[in-house]
Amino acid sequence: MTILNHTLGFPRVGLRRELKKAQESYWAGNSTREELLAVGRELRARHWDQQKQAGIDLLPVGDFAWYDHVLTTSLLLGNVPARHQNKDGSVDIDTLFRIGRGRAPTGEPAAAAEMTKWFNTNYHYMVPEFVKGQQFKLTWTQLLDEVDEALALGHKVKPVLLGPITWLWLGKVKGEQFDRLSLLNDILPVYQQVLAELAKRGIEWVQIDEPALVLELPQAWLDAYKPAYDALQGQVKLLLTTYFEGVTPNLDTITALPVQGLHVDLVHGKDDVVELHKRLPSDWLLSAGLINGRNVWRADLTEKYVQIKDIVGKRDLWVASSCSLLHSPIDLSVETRLDAEVKSWFAFALQKCHELALLRDALNSGDTAALAEWSAPIQARRHSTRVHNPAVEKRLAAITAQDSQRANVYEVRAEAQRARFKLPAWPTTTIGSFPQTTEIRTLRLDFKKGNLDANNYRTGIAEHIRQAIVEQERLGLDVLVHGEAERNDMVEYFGEHLDGFVFTQNGWVQSYGSRCVKPPIVIGDVSRPAPITVEWAKYAQSMTDKPVKGMLTGPVTILCWSFPREDVSRETIAKQIALALRDEVADLEAAGIGIIQIDEPALREGLPLRRSDWDAYLQWGVEAFRINAAVAKDDTQIHTHMCYCEFNDIMDSIAALDADVITIETSRSDMELLESFEEFDYPNEIGPGVYDIHSPNVPSVEWIEALLKKAAKRIPAERLWVNPDCGLKTRGWPETRAALANMVQAAQNLRRG
């Protein structure tokens, strides 16, 4: 029984973000469709070859996506919303881009599909839309075309296909409501057709992803698995693939399925390998997800060997990444600025492939010498002074309940804030960032590369902040922001100014579409050596009589959008960050900043996948926010911002944050999200986002007014704010001016009644 290895997927964007650049060039009309397609082919060929050279036996095909793999699956099944369809019924790459972005080089612009987080990761998918009576058919053959590509290059491949039940689970019904699970029998023939086509190509194994099987699914959904997979069996071997959690709670459902193998995440799940082995059918292959696909840490391979060795030789076994390597940067070897000690602690996607090769070889041979050598740096890290800061640990241990309480309740604070700011009804503001122009990016890059001295850099940033204030005053906004010209990313910026973080040069991971982020890495205890945001906030406030918001990223979001340590709990990291940012709130307040926004867009996405684990997480997540904010005086207004959220099941926790104002992303869901706040009788102020900043389309005054009137039916108008869904850094100035002008006009119209 020779053990093989494989990955569940590989990063798509390219080491230098080649895919992002090609997409954006095509969208801007600066390159042709053929040129875009050529970049995709080149990246796929390179990535297959890199995995093969690193020692991977079975290469994933179908993990590449032009925007998002859930959207790719939707097109495969012919699931195209009516507003995005081509007149002749055909489907092409622009159809895909219109669904994702609301517009493309061809076709009519229309509202983009809703976007939300992929399970509890920082990747986003486009939510499939279902309407009653819709038809499904194989319309987008990208998977088959890419399999042909890989086979022509001589690779041994394993196609990757998002499973039918997970795909349905991830979608939403639009219009007349019905049970979306009723569509299952309509999509299975398309899956059968795809599997038949793969069988014709001589494919032995297909990785069929059903991560919904790690959730606490309703019984009807669990019951749907057996008939669905009865319909799919027989043409190729199916590797039922799960990740992000363990499968033990749903193992009875899984073991009844007519599949030939099961992949389990042995990093994030709590499944015991020996118990799994006992419960799985003896002829099934077990794919052991031993290498963390979601983090950047070098694996302790001696530990991984011990974890799996007891079942070696007892069943067919593969070793694998826990999930797709999509969530990891590509290659550590190009990181030239990390010092040798810290660099020795990490492994990116290509290094994880190498880890899988080392592990496979050791399991096949029994020789573990190479594993011990590989694991030595991560074992040495446990005693590094770079990791432990006694002062931080002491401060954390001294936290009391009082440290997470504002001095007075919201009603008292609101009165003090009204007296201080005297804002009109329907106050207008933005979420924080303004367009990151080429000039701004060049300025930061020149400074980073040493081509610009500190004085000239600061002069340049000051000018961009001045322009942002002038623009907002001209537009008539009520509460201003400084625009964040100095910030490359809302998390990276704070990480750069906090001890305990390190940064990469090329550690890009895909967030959605062409958007990539370069998450900081938490390597040790977190503290704040000096004020971070005070200087620029104070400068911006000096230029206007209107209030300027101080802008902070909250502790849970910094945690969730960074690569965390694996040697302490997430709670510990979040509270260390909260204490550091608490000092920032105090310093902003002392500098005369009266409104401070602490963004927590990631609060919900950090939820454990199983509801039974939620309470513990929400308790420390809320406490971290309150530790951060509680130092503020009564007349300092604390805002928070959240996006991509379904709120109804965590409203208690959102209220417990005790922010004076919460701004939320609601426009893509047509204000549906406000139902939760209405039903809960949310007591504080709310700014429901009135337009979608992820699309370049400019909303009309009438559209915004209609949304605000809809909001006012649910929330008293005196508690409503008017703002976009999210920050504006990815937009251009022309559409930003136009959209904000319409937003301000809509608010003014409503004030006049």
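Counting starts with 1 at the first residue shown.
Glycine too: its Cβ is placed from the backbone N, Cα and C atoms.
If you look up Swiss-Prot, you'll see Arg17, Glu18, Leu19, Lys20, Lys117, Arg515, Cys516, Trp561, Glu605 marked as 5-methyltetrahydropteroyltri-L-glutamate binding site, on the strength of sequence analysis. Non-local contacts of Cys516 (5-methyltetrahydropteroyltri-L-glutamate binding site) by the CB criterion (under 8 A, 6+ apart in sequence, same chain) comprise Val13, Arg17, Lys20, Trp508, Val509, Gln510.
Annotated L-methionine binding site per Swiss-Prot: Ile431, Gly432, Ser433, Glu484, Asp599, in sequence order, evidence recorded as sequence analysis. Of all the Cβ atoms in the protein chains shown, 23 others lie within 10 Å of the Cβ of Ser433 (L-methionine binding site).
Annotated L-homocysteine binding site per Swiss-Prot: Ile431, Gly432, Ser433, Glu484, Asp599, in sequence order. Around Gly432 (L-methionine binding site), a 10 Å sphere centred on its CB holds 26 further CB atoms from the protein chains shown. For the recorded site, Gly432 (L-methionine binding site), the DSSP three-state label reads coil.
According to Swiss-Prot, the Zn(2+) binding site annotation covers His641, Cys643, Glu665, Cys726. Listed in sequence order, Ile431, Pro601, His641, Cys643, Glu665, Gly689, Ile693, His694 are the same-chain residues at least 6 apart in sequence whose CB falls under 8 Å from the CB of Cys726 (Zn(2+) binding site).
For the recorded site, His694 (active site, proton donor), the DSSP three-state label reads coil. Feature annotation from Swiss-Prot assigns active site, proton donor to His694.
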> What Cα-Cα separation, expressed in whole Å, is found between Ser433 (L-methionine binding site) and Glu605 (5-methyltetrahydropteroyltri-L-glutamate binding site)?
Replying inline: 22
>> Sequence gap of 6 or more, Cβ distance under 8 Å: name the residues on the same chain that satisfy this around Glu484 (L-methionine binding site), in order along the sequence.
In response: Gly432, Ser433, Phe434, Met490, Tyr493, Met551, Gly727, Lys729
> Applying the rule Cβ within 8 Å of the centroid of the Cβ atoms of Ile431, Gly432, Ser433, Glu484, Asp599, what extra residues of the same chain belong around the L-methionine site?
Replying inline: Thr430, Val481, Met490, Met551, Gln597, His641, Gly727, Lys729
>> Helix, strand or coil for Cys516 (5-methyltetrahydropteroyltri-L-glutamate binding site)? Use DSSP.
In response: strand
>> Comparing the recorded positions Arg17, Lys117, His641, His694, which residue's C-beta has the most other C-beta atoms within 10 angstroms in this structure?
In response: His641
> Are there residues of the same chain, six or more positions away from Leu19 (5-methyltetrahydropteroyltri-L-glutamate binding site), whose CB falls under 8 angstroms from its CB, and which are they?
Replying inline: Arg12, Val13, Val39, Gly40, Leu43, Ser514
>> Counting across all protein chains present, how many other Cβ atoms fall within 10 Å of the Cβ of Glu665 (Zn(2+) binding site)?
In response: 25
